[in-house]
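J.: Here you go, one structure.
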């Protein structure tokens, strides 16, 4: 054998005797630990300890039990750990840790960049509101200094009543119950088959048409009807017209489903039977024709929605604090709106010749009205009735197109148009553009109806302003997008609506006062 083989032979035998030996092996272990040996008083062979240490270093000292058996000194174990610590991998991790502690720059975009994904601009919104209020405060302050405080609570009553003993608007609203009950009784006859579908449809058409003609004729004929009273009464009748149209449409769909022998109906919550259980109301569902009750009808009449369904989503309880906050907002904002309108009235004659300064105050009044009606008032009614669907508006202020604004600033009307007008037209094969034109045409009619009839003058400014949204929507959608489209929508809101209002104010002022100077 070679010299290498001679060396390997004793080493292998020494390992076997060291690990597995019972007598002499134990003596050698004690010698390796530095203690005296009873059998042989000399030191162990150096090649035993050296070879064992080299073997364990090559294994990275991963097994402590083997280290004790091999008898590696603690000092050598520390040296092995230091060797492992100073390995290239450990050195790299230590350098990365140091770099991480010293790092102060990362790859990121500026917050105002669209690529950053940042969307919380509440502070900027508050700043815009403060600037809007401050910019109008100067105009109101000058107005107060020049004309004095013109807010008069008694004058508010005169907006609704010319004669304290005559309440034409209130009486007209009370009479609307006749049309409500007529729709209910027609549906009851249809549900039991007393009258045919064709006869029921004719009766519904007559009832709905009367709801538009009767109040408008009353407003035009009764001299004691004020413009504000006429707007309120016609607004109520318009809402009831849309509600009752949805009511008859939905019940007709239920009859079609029943005739098709459908076993179940889609249900949420509407006018339920209420039972008390552990202090909370437990609601049960209703199905057709069990929904044709006075309670169900009047729940739908007062609910903040225009689309009828057999069962509406219901909130579990009435939150009293939420209800009181909305009530406080309603009362406060109503007084603020009346005060601002009365204060701006003194500016009408000079502004009619140069109308631009009035657009910002008018726009501010419109924003306050939006919050008062769509947030405070409708949430108050919904909370009182435990109506669960509170999506009365969406983020129309982020509109990048005119169509997006009209679809999201008034969700109840948008849902009605989509459900009862736009989709039925699409199912009949009418193309999308013509269906959209028809929706704008109907909307323009009701805008003009609610303005011209109470003012008792027909100028079609509201109708033309609404129809002008069609080419504006095409232009913005074709040539503008992103922030430019949003700016175009805001410009149309700030300039367009106040101009239409001032046109009616100009004509009304000329008719009743003979001059604008």
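Glycine is no exception: its Cβ is also placed from the backbone N, Cα and C atoms.
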J.: TrEMBL lists transmembrane segment for one of the ranges 291-308, 309-326, 327-344; which is that range?
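T.: The listed stretch tagged transmembrane segment in TrEMBL is 327-344.
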J.: Looking at 327-344, 364-385, 433-452, 487-505, which one has the highest count of Cβ pairs under 8 angstroms to the transmembrane segment (228-245)?
T.: 433-452
J.: For the transmembrane segment (165-186), name the stretch out of 198-222, 364-385, 433-452, 458-480, 487-505 with the most CB-CB pairs under 8 Å.
T.: 198-222
J.: Cβ distance under 8 Å to residue 447 (active site), same chain, sequence separation 6 or more: which residues?
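T.: Long-range Cβ contacts: 462, 463, 465, 466.
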